[in-house]
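Report on the structure given below.
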Amino acid sequence: MEPAGAGREGWDGTMGDDPRQSQMLEAIEDFCDYLILVVGRSDATVRGYRSDLRHMAATIPDLTEFTLPNLRAWLGRAVEEGKSRATLARRTASVKSFSTWAVKNGLISGDEAARLVSPKVTRNLPRVLGEVQAGEFMGSAAADTEDEFRRDSAILELLYATGMRVSELCGLDLGDVDHHRRMVRVLGKGDKERMIPFGKAAADALEQWLEARDRMAKVEDAMFVGVRGGRIDARQIRRIVDRTAQVAGADHLSPHSLRHTAATHLLDGGADLRQVQEMLGHSSLQTTQIYTHVSSQRLLEAFRQAHPRA
């Protein structure tokens, strides 16, 4: 985790000369510390907030100028620059959260940012594999050595079986897996812990990998290691998925697609939405509900292809 107070450098190396800018930057860093230490936000989330707020501070350097007209003008320039609706929505959310915190801490008198309207962002339905495709994909792992093949197969099976995030898989330790109960302990966003079940295919793949692990590993605890023996990272997992997708003929498939696929297949099989929410580690049921739309679309496509009256 990034230490509190980290990253207190100036914007583009120039901010901080003006005392007003220094006050704004200090407030932004205090807010980021609050997000890390009190709210428990992830490093990646806090980096996003910091980036958006420093961008804002380059235009609105003084807390006394943190007003609704100035904020609208700042966002308006982003529109003129052709920024996406997703970027505008994220920047709006960042300044609104900062504003609420600043009011509570007496840095500004009124929460003018609360009146900002966030643009609606159209969420694309995630790419998912069909059940037959998923089976073919799991059987398409390819690697330079037998040990790497066993590792790659275990990674793919576990991602598909559990729907866990890539970052969560990278953080797995040997002690996190209960092989007898076929359960894995995952540390998710905000350091929230959850237990996820997995099936026989993943269990068999893990057993095969663990027989080979000690020949590759140079660290004691990490469940999965890279070619140099250290804990595996997200970039290496991306390469594993890319290589497998190429063999399987599954274009444009990302590691996150396996998470989408797991969730969709659970719902297709009749799993309860809240159970899937818990399994995926979503804080909001609304996030999980997007997979019900995927299942509905798949059902509609199957109907159109198979029903004589479609």
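In case you wondered, yes, glycine gets a Cβ from its N, Cα and C as well.
Quantities reported herein were computed from a predicted structural model and do not represent experimental measurements.
Among the features that Swiss-Prot reports, domain 'Core-binding (CB)' is placed at 22-103, with the record citing sequence analysis. Across the residues of the domain 'Core-binding (CB)' (22-103), the predicted structure has a mean pLDDT of 92.
The domain 'Tyr recombinase' feature in Swiss-Prot is assigned to 124-304.
Feature annotation from Swiss-Prot assigns active site to ARG165 (among others); the stated evidence is sequence analysis. Around ARG165 (active site), the C-beta neighbours below 8 angstroms that are at least 6 residues distant in the chain are GLY188, HIS256, ARG259, GLY281.
Per Swiss-Prot, the feature active site maps to LYS189 (among others). Within the same chain, residues at least six positions away from LYS189 (active site) with a Cβ under 8 Å of its Cβ are SER42, THR45, GLY281, SER283.
Positions annotated as active site by Swiss-Prot, on the basis of sequence analysis: HIS256 (among others). DSSP assigns HIS256 (active site) to a helical segment in the three-state reduction.
Counting every protein chain shown, the Cβ of ARG259 (active site) has 22 other Cβ atoms within 10 Å. Marked as active site by Swiss-Prot: ARG259 (among others).
Per Swiss-Prot, the feature active site maps to HIS282 (among others); the stated evidence is sequence analysis. A C-beta separation below 8 Å, combined with a sequence spacing of at least six in one chain, links HIS282 (active site) to THR288. According to DSSP, HIS282 (active site) sits in a coil region rather than a helix or strand.
TYR291 (active site, O-(3'-phospho-DNA)-tyrosine intermediate) falls within a helical segment according to DSSP. As annotated by Swiss-Prot, active site, O-(3'-phospho-DNA)-tyrosine intermediate applies to TYR291.
Cβ-based crowding with a 10 Å cutoff singles out TYR291 as the top-ranked of the active-site residues HIS256, TYR291.
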